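Trainee: So TrEMBL says this about it:
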type	residues	note
DOMAIN	1-98	domain 'Dihydrodipicolinate reductase N-terminal'
BINDING	Gly7, Tyr8, Ser9, Gly10, Arg11, Met12, Gly71, Thr72, Thr73, Ser95, Phe96, Asn97, Phe98	NAD(+) binding site
BINDING	Lys31	NADP(+) binding site
DOMAIN	101-213	domain 'Dihydrodipicolinate reductase C-terminal'
ACT_SITE	His128	active site, proton donor/acceptor
BINDING	His129, Gly138, Thr139	(S)-2,3,4,5-tetrahydrodipicolinate binding site
ACT_SITE	Lys132	active site, proton donor
Amino acid sequence: MKYGIIGYSGRMGQSIEKIFSQAGHELVYQKDENGEKELEKPELIIDFSLKEAFPETVRVIKEKEIPLIIGTTGLDEGDFKQLNQLAEKVAVIQSFNFSIGINILSELVTKIDKYIDQDWDIEISETHHRFKKDKPSGTAIMLSELIDRDIEMHSKRLGSEFGEHEVYFASTGEVLTLKHRAYSREAFTKGVLLSAEKILDLKPGFYSFKDILTN
Ligand code: NAD
């Protein structure tokens, strides 16, 4: 497939290009904070950039009318409204975490939440590399939104950690911990590749990565 990346020069953009070229896909459009370069019209756009780039991403998708895969974190309610508007015309796959492990972990969180009452404490801890700008991580926010109460979140920014999330459930007698750790960016880029290989067959609409994994 012929694809484009917004956030091309970033850590995720570079990892995505590597795994996509190994799979035989052709990068024909690239955009970052220094400008854009288009060799041919892409069949889809992948956005792993920053929230600041989002208005431009919306413009590009409206102009080209092609599907979008977006993993950029820090998006707010207004941004999601715009993603939903785009999804009326094209397929949009959005996730704050494209790893298979975190998507399994989120299923487990929902399941555990059914067994416990208000007497249990629930807290989330996340650690990422020192360059990550948003805090708490989009994944920690996504996990907290699965549970219908205020959750305390703890964030650490350390060295080159790719992404670690822990969810603690504790009563006065016991503690249960779910933990996920990404060893490399491949944890996410494999999920992006899987999404890209499915998106061209999808009807316009808003999809999560979980929809892609389970269908
Ligand atoms: P990075 O800082 O290394 O790269 C950011 C990229 O965005 C750069 O190429 C930069 O030039 C570009 N950019 C910045 N401002 C821009 C603008 N106004 N217009 C166009 N491009 C612009 O960041 P990263 O580590 O590659 O992460 C990128 C995003 O992906 C972050 O939001 C991060 O939280 C998110 N992320 C998501 C997942 C997931 O699974 N959903 C996994 C890892 C990272």
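Even glycines carry a Cβ here, placed using N, Cα and C.
Note that this is a predicted model, so its numbers are computed, not measured.
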Trainee: Measuring Cα to Cα, how many angstrom lie between Thr73 (NAD(+) binding site) and Gly138 ((S)-2,3,4,5-tetrahydrodipicolinate binding site)?
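Mentor: Cα-Cα distance, Thr73 (NAD(+) binding site) to Gly138 ((S)-2,3,4,5-tetrahydrodipicolinate binding site): 5 Å.
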Trainee: Calculate the distance in Å between the alpha carbons (Cα) of Gly138 ((S)-2,3,4,5-tetrahydrodipicolinate binding site) and Arg11 (NAD(+) binding site), and round it to a whole number.
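Mentor: Between the alpha carbons of Gly138 ((S)-2,3,4,5-tetrahydrodipicolinate binding site) and Arg11 (NAD(+) binding site) there are 17 Å.
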Trainee: Could you check which of the recorded positions His128, Lys132, Thr139 is the closest Cα neighbour of Arg11 (NAD(+) binding site)?
Mentor: Lys132
Trainee: Among all protein chains shown, how many Cβ atoms are found within 10 Å of the Cβ of Thr139 ((S)-2,3,4,5-tetrahydrodipicolinate binding site), not counting that one?
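Mentor: That number is 23.
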Trainee: Between the residue listed as 'active site, proton donor/acceptor' and Phe96 (NAD(+) binding site), find the distance joining the two CA atoms and give it rounded to the nearest Å.
Mentor: 14
Trainee: What are the sequence-distant neighbours of Ser9 (NAD(+) binding site), meaning same chain, six or more residues apart, C-beta distance under 8 angstroms?
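Mentor: Result: Asp32, Asn34.
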Trainee: What subset of the recorded positions Lys31, His129, Lys132 lies within 10 angstroms of Phe96 (NAD(+) binding site) at the C-alpha level?
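Mentor: Checking Cα-Cα distances against Phe96 (NAD(+) binding site), none of the recorded positions falls within 10 Å.
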Trainee: Would you count the other CB atoms within 10 A of the CB of Phe98 (NAD(+) binding site), including those on all shown protein chains?
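Mentor: So the number of other Cβ atoms within 10 Å of Phe98 (NAD(+) binding site) is 26.
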Trainee: Quick one: which of the recorded positions (Ser9, His128, Thr139) have their CB closer than 6 Å to ligand 1?
Mentor: Ser9
Trainee: Using C-alpha atoms only, work out the spacing between Gly7 (NAD(+) binding site) and His129 ((S)-2,3,4,5-tetrahydrodipicolinate binding site) and round it to an integer in Å.
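Mentor: His129 ((S)-2,3,4,5-tetrahydrodipicolinate binding site) has its Cα 18 Å from the Cα of Gly7 (NAD(+) binding site).
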Trainee: Quick check on the domain 'Dihydrodipicolinate reductase N-terminal' (1-98): DSSP residue counts for helix, strand, coil, in that order please.
Mentor: 36 helix, 27 strand, 35 coil
Trainee: Under DSSP, is Thr139 ((S)-2,3,4,5-tetrahydrodipicolinate binding site) helix, strand or coil?
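Mentor: It is helical.
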Trainee: Could you round the CA separation between the residue listed as 'NADP(+) binding site' and Thr139 ((S)-2,3,4,5-tetrahydrodipicolinate binding site) to a whole angstrom and send it over?
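Mentor: Distance (Cα to Cα, whole Å): 25 Å.
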Trainee: Around Lys31 (NADP(+) binding site), how many other CB atoms lie within 10 A of its CB?
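Mentor: Its Cβ has 23 other Cβ atoms within 10 Å.
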